[in-house]
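Here's what Swiss-Prot has on this protein:
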{"type": "BINDING", "residues": "Cys56, Cys60, Cys63", "note": "[4Fe-4S] cluster binding site"}
{"type": "BINDING", "residues": "Cys100, Cys131, Cys191, Arg263", "note": "[2Fe-2S] cluster binding site"}
{"type": "DOMAIN", "residues": "41-268", "note": "domain 'Radical SAM core'"}
Amino acid sequence: MSLFEVRHDWKKAEIEALFALPMNDLLFKAHTIHRESFDPNEVQISRLLSIKTGACPEDCKYCPQSARYDTGLEKERLLEIEKVLTEAKSAKAAGASRFCMGAAWRNPRDRDMPYLTQMVKDVKALGLETCMTLGMLSTEQSQKLAGAGLDYYNHNLDTSPEYYGDVITTRTYQSRLDTLSNVRASGMKVCSGGIVGMGEKASDRAGLLQQLANLEQHPDSVPINMLVKVAGTPFEKIDDLDPLEFVRTIAVARIIMPKSRVRLSAGREKMSDELQSMCFFAGANSIFYGCKLLTTANPEENDDMSLFKRLGLRPEQGPAAPVAQVATNLDQEQALIAKASALNEKATQQFYDAGAL
């Protein structure tokens, strides 16, 4: 069996055996595979913007945006498209090649879709890859986003099926898999990963990666998050994960999903430069860039560029910018907003009722 073979039939015992390798052997295997598929000194940079913050009805025990927990987070309405475009332009100027937009929803409502599809069109017109994370998607919603040109859709599995019920009770594991299936069927690329350091066992980290690697097609991007403990959430006092276990998770993800981008996501703000360097060597080749990830802290842009310089890394170049499309899209946007505003007489209707599931 080739070291570089793409497989979808991983046994959990095989993955656990990879986790158990001596660190030097694991890193050597992961880095060898990484060099086969990617330039090891190139890192894809994404910017993540919260386009609708707080008041989420879900009970994810790690999340400060849940309406069920008192975290001091102020809820915000869906951002105007012009504000999103301003942030997207800033992201591109700072070196990002992908712009991700996240909304704290269980799922978008149909009346939200015109706004969302216009956001996608306008951001793409700037020459950025686009990604959204909006919660669960129906088949029709997936098709609308794909039709607008959305490149990636993020929907994480979070953890293993076995540990999932200890983290979330308001959304089933199968519903997450169904959303990924809808996204893939629509033609969009899938971004899906999980969170480690939530009190799970090593077998749960193996189980999460098994679920991702055994999808019919591997996710195009696999974000691996280190839990950011937020006061007011049920997981605020959970024990820290050994940082080397995080590195092992990155390395195993690279080995069993050799063609996927593996992203260092939440938690980087508290990671040392040395730890991040190990993660890049282990196969991580994507980061979120900017001082905030939705509502949690992230390293400053200057810090990231300084680290890149010290490590000899360089940002991946994004697609060419069809800037001439922007004026046309902005005209369309103004007409769309005028039409859609008639459907939203009350500002509070732009939120989900946190008490209604």
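Cβ atoms are placed via backbone N, Cα and C, with glycine included.
Comparing Cys63 ([4Fe-4S] cluster binding site) with Cys100 ([2Fe-2S] cluster binding site), their Cα atoms are 18 Å apart once rounded. Excluding the listed site residues Cys100, Cys131, Cys191, Arg263, the same chain places Ser46, Leu48, Arg98, Thr133, Tyr152, Asn154, Ser221, Pro223, Ser286, Phe288 with Cβ atoms within 8 Å of the centre of the [2Fe-2S] cluster site Cβ atoms.
Cα separation, Cys131 ([2Fe-2S] cluster binding site) to Cys56 ([4Fe-4S] cluster binding site), rounded: 20 Å. Around Cys60 ([4Fe-4S] cluster binding site), the same-chain residues six or more apart in sequence whose CB sits under 8 Å from its CB are Ser66, Asp158, Val167, Ile168, Thr170, listed in sequence order. Around the Cβ of Cys131 ([2Fe-2S] cluster binding site), the number of neighbouring Cβ atoms within 10 Å comes to 24. Note: the CA-CA distance between Cys56 ([4Fe-4S] cluster binding site) and Cys100 ([2Fe-2S] cluster binding site) rounds to 19 Å. According to DSSP, Cys100 ([2Fe-2S] cluster binding site) sits within a strand segment. The Cβ of Cys100 ([2Fe-2S] cluster binding site) lies under 8 Å from the Cβ of Ser46, Arg47, Leu48, Leu49, Thr130, Cys131, Met132, Thr133, Tyr152, Asn154, Phe288, each of which sits 6+ residues away along the same chain. Cys56 ([4Fe-4S] cluster binding site): 24 other CB atoms within 10 A of its CB, across all protein chains. Neighbouring residues of the recorded [4Fe-4S] cluster site, listed in sequence order and excluding Cys56, Cys60, Cys63, comprise Glu58, Asp59, Tyr62, Pro64, Gln65, Ser66, Ala104 (Cβ within 8 Å of the Cβ centroid).
The most crowded of the binding-site residues listed here (Cys63, Cys191, Arg263) is Cys191, judged by how many other CB atoms sit within 10 Å of its own CB.
Reduced to three states, the DSSP call for Cys191 ([2Fe-2S] cluster binding site) is strand.
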